[in-house]
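Here TrEMBL flags A:58-79, A:86-106, A:112-134, A:141-161, A:191-210, A:230-262, A:274-296, A:302-321 as transmembrane segment.
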């Protein structure tokens, strides 16, 4: 466990360092060292590149990764379905529909409004899914089915708006939806960090509840767990976490699905162990995706969401394949 | 206690109606589960056995009537209170992938722990004892999905024992087990009742198994009690013919002396 954590931390540190060094203007290790410590003859231009451009961006990617992985871990546990990720609660499609509406209906909206709309859309959808799935108690299957239904409804709304909206606005919305951390700044980083700290801690504290709810509603209840209350509170945490991630970075897929699965394979079924490992994996994935998106086709920047999709899908297939053959 | 011929009721239901939606499964059930005895519920498929078990464990709410657990109304108890008194093994229990026997049994301590309490010496003792009683101590580090059906069943029973409730409810615990493991499991239940004063209620499919091991048998048909009492009193050709629609001869089991029914 501690070996895995150490290895992942080193990997993350390397990715962060590489993200600071690589880009349109490549910096040497010495430049970065001088820029970050403020020692020697720090070149003002490299100081600017490191602190104003690359550092906020890499930190934002890291935080988004942690949020997505934590939300994914919770969703996997409460839905008891290996393919469940925060998207099944309608969070992504809700955020997308709300953001599209704001962009198309209001000419040139401020970014903050866009983010608020994204978060509210996500929260409204999660609430609607949970409320519609309630029949005296909750069932994970009902939540998944209603989530899929409402998601397609919201997606239809998004498509409708994009078909009739002004082409320039629609394109801006599409870029936002593709999932990227390109317009990062330190204020955003601090806000997201503050926003995430409590839900991430609460999720970690709830590890034992998640361990038990994995057994299924009947068993969890027979051992004294108030299943509906726990599931409801966990859905709130998922909404707060991934709603915030979607609001600042658009739709970055696969991280919420891949990170908890990989973590589980590495450290077993206990959530107290899964959470830190999944969070580090999520951070590595998004930081790496953003780095790759910036450097493969310069000066073009691929949105991180597209890279995670491109890298995540085959990786996930490989995982499933390995599980099929490694089982016996 | 030794002279007490009519032991106190551990669980009792009064006028219990249970329904799935509009369909009534159990109607007007007055059932008494004697404390510190092994009670078997038998009856054909759809007679409401499993439904009754689930309702006793507070997993289903009755539409009418009440259930008394140690003389207290079940409705007044929280799920956690119930979990401290009653352990349940349901059919087709599935644990998360890769879980070890030790992990599973430790879950049994859930109702005794608060959100911030650490794993206590008391928790560890309860888990060790449960593993020892069920003979699963050697398997504690093995993954549950790598075990045989019989071992897995004993691990689940160990989890219910770690709850340290006085009552254990088992839904068809011997189904899908081979004969050796069936006998092993029935002996485990007998030991828990006789030596550890547990109250065990099991839904059983095998009438002869029920007659051989249980001290109290409740025969159910269409959600109502047809007969209840000692095996000798309950297992008769008439009752079997009435409930299971099968003609049988009931003889004395040459080994245990209990009723043994043989279809004609």
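Keep in mind that glycine also has a Cβ here, set from the backbone N, Cα and C atoms.
Curation does not apply to TrEMBL; its annotations are automatic.
By the Cβ criterion (distance under 8 Å, sequence gap of 6 or more), the transmembrane segment (A:86-106) is not counted as touching the transmembrane segment (A:274-296), fewer than 3 such pairs being found.
Counting Cβ pairs under 8 Å to the transmembrane segment (A:112-134), the top-ranked stretch among A:58-79, A:141-161, A:191-210, A:274-296 is A:141-161. Residues 1, 4-5, 8-9, 11-12, 15-16, 18-19, 22-23, 57-58, 61-70, 72-73, 180-181, 200, 203-204, 207, 249, 252, 254-256, 258-260, 262-264, 266-268, 302-308, 311-312 of the same chain lie 6 or more positions beyond the ends of the transmembrane segment (A:274-296) yet place their CB under 8 Å from a CB of it.
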